[in-house]
Amino acid sequence: MANRGPSYGSSREVQEKIEQKYDADLENKLVDWIILQCAEDIEHPPPGRAHFQKWLMDGTVLCKLINSLYPPGQEPIPKISESKMAFKQMEQISQFLKAAETYGVRTTDIFQTVDLWEGKDMAAVQRTLMALGSVAVTKDDGCYRGEPSWFHRKAQQNRRGFSEEQLRQGQNVIGLQMGSNKGASQAGMTGYGMPRQIM
């Protein structure tokens, strides 16, 4: 965490709960996908939360990832800077987040820049990358590289059309309880405030 002291008390408890949500197996899967998706000479980071954060922190890997999900010539981030200046790196992270939202990732699935930059919530970073992968698999536009089973396919609209005749036939169906006096009823129910009669 940059320029931030340790947290104490309830802040520490909250931070520990957030850190418990981080998934090391998911990290490996995401790293493999990012390297395969970008198809560039991207170095594989050592395992661990701190290394994963450092690998993504400058924003270049994230920008290359979002650009690789678009056809050539339509990349949303035309210039990727490899600057070591903090504000340039944070700007690249925010460019990635805007491009991910434009791509189709829901706002609720997008992490805050400080979650990655300060390492506050790396689980949120993982959730964003998972959501991005799910949208890419669902779009199925030929730009996704990787195993389709790595991410969940989002549900898509499947409208059904019924003819007038089918709707009329549905009105002729008799419900199973129509005309029956058996099954669930309110017989034996007492009103509120009345004592139970035990004999």
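Heads up, the Cβ atoms here are built off N, Cα and C, so glycines get one too.
Annotated range for region 'Disordered' in Swiss-Prot, selecting from 32-55, 104-127, 176-199: 176-199. Residue counts for the domain 'Calponin-homology (CH)' (24-136) under DSSP, split into helix (H, G, I), strand (E, B) and coil, are 74 helix, 0 strand, 39 coil.
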